[in-house]
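Data block below; observations after.
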Amino acid sequence: MNTRKTIVWTKKDLLGLEYLSRQEIELILSTAESFKEVTTRQIKKVPALRGKTVVNLFYEPSTRTRVSFEVAAKRLSADVINISTETSSVKKGETLVDTGKNIEALKVDTIIMRHNCSGAAAMLARHVSASVINAGDGWHEHPTQALLDMFTLKEKLGRIEGLKVSIAGDIAHSRVARSNIWGLIKLGAEVTVCAPKILIPPGIEKMGVKVTNNIDEALAGADAVNVLRMQFERDQSNAFPKQLEYFKTFGVTRERLKKAKKDIVVMHPGPINRGIEMSSEVADGANSVILEQVTNGIAVRMAVLFLVAQANERLKNENTD
Amino acid sequence: MNTRKTIVWTKKDLLGLEYLSRQEIELILSTAESFKEVTTRQIKKVPALRGKTVVNLFYEPSTRTRVSFEVAAKRLSADVINISTETSSVKKGETLVDTGKNIEALKVDTIIMRHNCSGAAAMLARHVSASVINAGDGWHEHPTQALLDMFTLKEKLGRIEGLKVSIAGDIAHSRVARSNIWGLIKLGAEVTVCAPKILIPPGIEKMGVKVTNNIDEALAGADAVNVLRMQFERDQSNAFPKQLEYFKTFGVTRERLKKAKKDIVVMHPGPINRGIEMSSEVADGANSVILEQVTNGIAVRMAVLFLVAQANERLKNENTD
Amino acid sequence: MNTRKTIVWTKKDLLGLEYLSRQEIELILSTAESFKEVTTRQIKKVPALRGKTVVNLFYEPSTRTRVSFEVAAKRLSADVINISTETSSVKKGETLVDTGKNIEALKVDTIIMRHNCSGAAAMLARHVSASVINAGDGWHEHPTQALLDMFTLKEKLGRIEGLKVSIAGDIAHSRVARSNIWGLIKLGAEVTVCAPKILIPPGIEKMGVKVTNNIDEALAGADAVNVLRMQFERDQSNAFPKQLEYFKTFGVTRERLKKAKKDIVVMHPGPINRGIEMSSEVADGANSVILEQVTNGIAVRMAVLFLVAQANERLKNENTD
């Protein structure tokens, strides 16, 4: 605990957990703890970001993440501006950097960006002095999702260090998996990934994880399992037989959980495909913390918004000194 | 007047006027009266819902109702989050209950929902502890529209009890008609519905209304007529001849009003089809209160938002005691 | 300077620079100067429009202008409601005046409107007592864009009077050009427009401008050049050869600028087509003030929002006296 107190957040951006130290991740989680208390008050608002402007810049549709960030920013008293590509200048062929520089010229403080290209948030961050928060970039990272997963794990199990955590689903195309792996490994968890062979990216072992193609193996002895969403809607051909097959082979069911630790924590980033990656019984069962993850997302995003804003202000003051 | 004072609003939701007592409806109307005064001030804002989060969850496009609720919530100092299905997780196949539970997990206080299925708001309300306000569910109810209609009637004519009110238009497919009938009957008005036979739902008399297929009959002796929007845009085949025919047979015109009471109040939930269900002369004439209905919608929605939030807070405090 | 102090803004609307006096334009620019200071503070918010409701009513998609007005209004502490035609009652066939009257009935204070028809804002303004700000009407005017261009010019060059300003691009279809011409001429600048013959509207000389079809002529001796966006995306046939040809003949490049004044100010309303109307070197070069224009847009729009709100309040008080 003492180490945390001495750490100060100095980065203007949050781009991915790959780029953070263990201490920085712990600082976000402990800051989120204080903000979680705020969300239980009758008046759930604090003036921390009053007068600041936060832009949600979403190049992919996403209600859940956008709304979570919007609620978090408003609870910090920031002004929030939503921009989605459906209506944006992107249609007129503007480059990402030009869009970013134009948003920055509005004297905006923080840009939360989701983009379908890996590295988009990092590129934007290099070109603007506003803070950039990566809300998902291609298959690369989705750091606030992993942070809220870890926050929930720590809340449930008291620690991350030494935990056995399995991540099951389409690992190859999942930024949620990648951010969780970076974060969990840094905080000392043992991570196993589980998927059909074709959905395991080659060389994933180098990240320090074990690999299995057997869901029962992934569940056996695990303290927690993070079940990813299968995106069958992207390939409609024979979707139904494929979904049935996936559920039979990989679906997390009550029967399968019987062979796992009694208190195994079941997580899912949502939205759930009931009857595909997990059964409804599991999704709504005693081991599931899925809705608590959503609640914790607000506290974690408040923490991130607060820390990057504070760091950026310090940076700007140093530059003007 | 004394009865009103002794009534306290205890429901966490507003789902339909069918489920309210006369006293509860009168309580909403009298609360709205106080809020109407606020909207005439130079600073039209009160801190009643400061720190509360209100979500507009619209499964059907609706600018008018969404904006009216958004303005009402902001005048109460609430934070407002807009979600429309165009961009929502619904596209990803999430069920309504899952969507509701996820929104609730954001520690949101009130969900205002419009949905194309009858009973959707009631189902949501059973599954979430947040307050749910029905902003229109299929052909079932649109309670705040009926409340603003009744508020306007009472403002114009001093009472609802004993008034003769006709409702003209597509009664069969109108949630506005249904909510008005429940509310007006409970408050002691005499209600007549008027439409072509095919647009009168069988058994409507059981709700306590008279039925006519003759607009002149509906207007004769009525204190007020509520003219519903004809949704010809949903069936484009031969739309124009059908519209002309409807206007000839059922359109409310100056000529027809000449045979009605001189001070008959003409209402319409908007948007008006000029030259279809009523003539422009009538829409803009001295009997029309159409724009006053829009203004009163803010006060009525402020009242509903305020009452359900207060009741829900009491319920939550009781549960934690 | 003394003249400015004695002028009071009395118009409830801002419809176009054609309808303003030199003193009124100068009053907006000097008011914007004070607001620009606000945007440099740590807390960039002032309570000037607290409790006021501002509606962004956009019949054409536009992220840049909508966001700029939204940020400006929020920095003045107004509540902002966004309405875009994608989701609006317009789909249901409502007329513009009915839409305006309905919005006004919500007791909204200011309507910012973009519409594809020339004169739409003026028509709306005649029918509502709310303030109307024209955010672009067809090919007619886009007054706040011209005001921010002039604000930037004055900031860079200390004055407008006597400046030589060239406007290059599709003059015929540009509301930005038209508003700039009205404003610059009133404030005493010499204006030259430059475009291929087919994009020069007949009779433009009557506005008091010089005309050239040669970009080098337009640049020679100019204190500033305002380069308009070429809308090639509207005509996709042979777009690429036409773009190359345009760039070769009219594109503003470093080579061409070498023959211009060393300190020529290069402006562009954005979004830029790099390599079509100007080269990237010029867009990002030392003469470019393109991003400063964006920043100044906030201050100018805050000034306009503030002045029309103040004038409208005075008007309403006079009417009730």
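Glycine too: its Cβ is placed from the backbone N, Cα and C atoms.
According to TrEMBL, the residue from B:ARG22, B:ARG41, B:ARG114 that belongs to the carbamoyl phosphate site alongside B:ARG64, B:THR65, B:HIS142, B:GLN145, B:GLY270, B:PRO271 is B:ARG114. In sequence order, B:SER62, B:SER68, B:ALA135, B:GLY136, B:VAL176, B:PRO269 are the same-chain residues whose CB sits within 8 A of the CB centroid of B:ARG64, B:THR65, B:ARG114, B:HIS142, B:GLN145, B:GLY270, B:PRO271, the residues recorded for carbamoyl phosphate being left out. Take the CB of B:GLN145 (carbamoyl phosphate binding site) and look out to 10 A: across all protein chains shown you find 27 other CB atoms. Contacts of B:THR65 (carbamoyl phosphate binding site) defined by a Cβ separation under 8 A and a same-chain sequence distance of 6+ are given as B:ARG114, B:ALA135, B:GLY136, B:THR144, B:GLN145, in order along the sequence. Within the set of binding-site residues (B:HIS142, B:ARG175), the lowest number of other Cβ atoms found within 10 Å of a Cβ is recorded at B:ARG175. A straight line from the CA of B:PRO271 (carbamoyl phosphate binding site) to the CA of B:ARG229 (L-aspartate binding site) spans 7 Å. A separation of roughly 14 Å, to the nearest angstrom, links the Cα atoms of B:ARG229 (L-aspartate binding site) and B:ARG64 (carbamoyl phosphate binding site). Ranking the binding-site residues B:GLY270, B:PRO271 by how many other Cβ atoms lie within 10 angstroms of each Cβ puts B:PRO271 at the bottom. All protein chains shown were included, and the count of other CB atoms within 10 Å of the CB of B:ARG64 (carbamoyl phosphate binding site) stands at 22.
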